[in-house]
Amino acid sequence: MRQEGDDSRLFFRGFQNRSQEKMKLRKRKSTLYLSPRKSALRHGDLLGESIYLVLFTIALRICNCFLVQTSFVPDEYWQSLEVAHHMVFNYGYLTWEWTERLRGYTYPLIFASIYKILHLLGKDSVQLLIWIPRLAQALLSAIADIRLYSLMKQLENQQMAKWVFFCQLCSWFTWYCCTRTLTNTMETVLTIIALFYYPLEGSKSMNSVKYSSLVALAFIIRPTAIIPWIPLVFRHFWQEQKKLDLILHQFLPIGFVTLSLSLIVDRIFFGQWTLVQYNFLKFNVLQNLGTFYGSHPWHWYFSQGFPAVLGTHLPFFIHGCFLAPKRYRILLVTVLWTLLVYSMLSHKEFRFIYPVLPFCMVFCGYSLNHLKTWKKPALSFLFLSNMLLALYTGLVHQRGTLDVMTHVQELCYNKPNKSSASVFIMMPCHSTPYYSHVHYPLPMRFLQCPPDLTGKSQYLDEADVFYLNPLNWLDKEFHNDSTLPTHLIIFSILEEEISTFLISSNYERTAVFFHTHLPEGRTGSHIYVYERKLKGILNRR
């Protein structure tokens, strides 16, 4: 009996072992037991989403990039590409912000790396130097769009995510800004991706280390990026049970590492230890010296800025605010907080509130999701109104300052006597890009406009002095004909006022470029290029 019992036990053990082997084989075949990464690859996913969705978004943003051929603000060139060009090719212009160490080299270093690679490959043509950085920014914006879609799919469902995604893609201001080399654009990209990892109720991708690292990087690139995150970080801290661990093991180490990297990068390029984030906040927030570049009333963001940036999304945003669940209240608080903080500063711009625009798309998506009868007309209205505005601002409005630089490129590369050419841009300072869009050490000059940092009460910069009496300024500046530039670039509004100088100095208009249908102040509707001709040539004509 004992022998039979032993035999039966051996039989059952053998049966169990064979069963386990079969089970192991089944586990290997089943996708349920694959790692998430392998499972995603097997289903053709990328960034956790359908590869078709990812490729569509990237393709759209690339088209977006090529359909934006206008200028917005000087910073998209002068605080990024121009600095990167100077870093790699040792010529270019650094504005007063760099001499005063108000800007950090972390963001321009991204484009300087691209320039260096192109230079080493012998492919540093001017067109590639212009477009590759913008395509890189477009790719990052596409990744941010996908992350916003993924987040909403986690928090709600695919249907809801689809409407938020639609609102994000057809936003005219996002289209207008997301491929520009602005620190505000990178700030927005990092904010969206950080929100994907932020511990929102219902999120499956929350990761405190990742989101706080992205926020820290955004702060390094643009210190005011911390403004929208103050209520979000405070909420996280308030709800966290292990508050001390959050501070000591996550926030402080991440802050220390990112700030140290920023200090090292700036130490290398400035040649001395500099905390640019403090200098930036001191100038723009504490001293409020940004008013030198214009000021607006306190209510401007609420009465003009925010409605203009949202455009035709505004009624859907308001409607969505009443429909969205309470867990999204923190996003609404963040939007209002950001508007209030920026309203306290005298100098205001549309691009400053761009980082909270994706937050608004969440509420717009809620509105569309709850529409029944009027859904198709609402979608058509949103799409058409935004695309018309996006195409007009991207292809028509303020395009002259880029077109004229293409003319300057031709002057450098197509003229046999290019070494004798020189250009004076007699326009409001920083109206055009500079050497980053020419890529040739052509002698160029523009009217300067640094702010007064000494406290003078009646301070006037070079551009202000010029526009007070252009003819008088030109007579004093060019009393000797040998110092005259070969080419002048002016707005059409200035032509009549300096016509006597143009005639007496033998300048002839050689090119005209449309700029805007809405000229104002010192900005004209067209840009004129004047070339100085020899008297003999003029007489023969």
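Using N, Cα and C of the backbone, Cβ positions are placed for all residues, glycine too.
Record features (TrEMBL):
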type	residues	note
TRANSMEM	51-72	transmembrane segment
TRANSMEM	128-148	transmembrane segment
TRANSMEM	212-234	transmembrane segment
TRANSMEM	246-265	transmembrane segment
TRANSMEM	298-318	transmembrane segment
TRANSMEM	330-346	transmembrane segment
TRANSMEM	352-371	transmembrane segment
TRANSMEM	378-395	transmembrane segment
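Contact between the transmembrane segment (378-395) and the transmembrane segment (298-318) is present: at least three CB pairs lie under 8 Å, with pairs separated by 6 or more positions in sequence. Between the transmembrane segment (298-318) and the transmembrane segment (352-371) there are 3 or more Cβ pairs closer than 8 Å, counting only residues 6 or more apart in sequence, so the two stretches are in contact.
Beyond its flanks by at least six residues, the transmembrane segment (330-346) meets 200, 227-232, 235, 284-285, 288, 290-291, 295-296, 298-302, 306, 321, 324, 352-353, 355-356, 359-360, 362-363 of its own chain at Cβ-Cβ distances under 8 Å. Proximity of distant same-chain residues to the transmembrane segment (212-234), defined by a Cβ-Cβ separation under 8 Å and at least 6 residues beyond the stretch ends, is recorded for 104, 106-107, 183-184, 186-187, 190-191, 193-194, 197-198, 250-251, 254-255, 258-259, 261-262, 277, 280-281, 284-285, 330, 333-334, 337-338, 341-342, 352, 355-356, 359.
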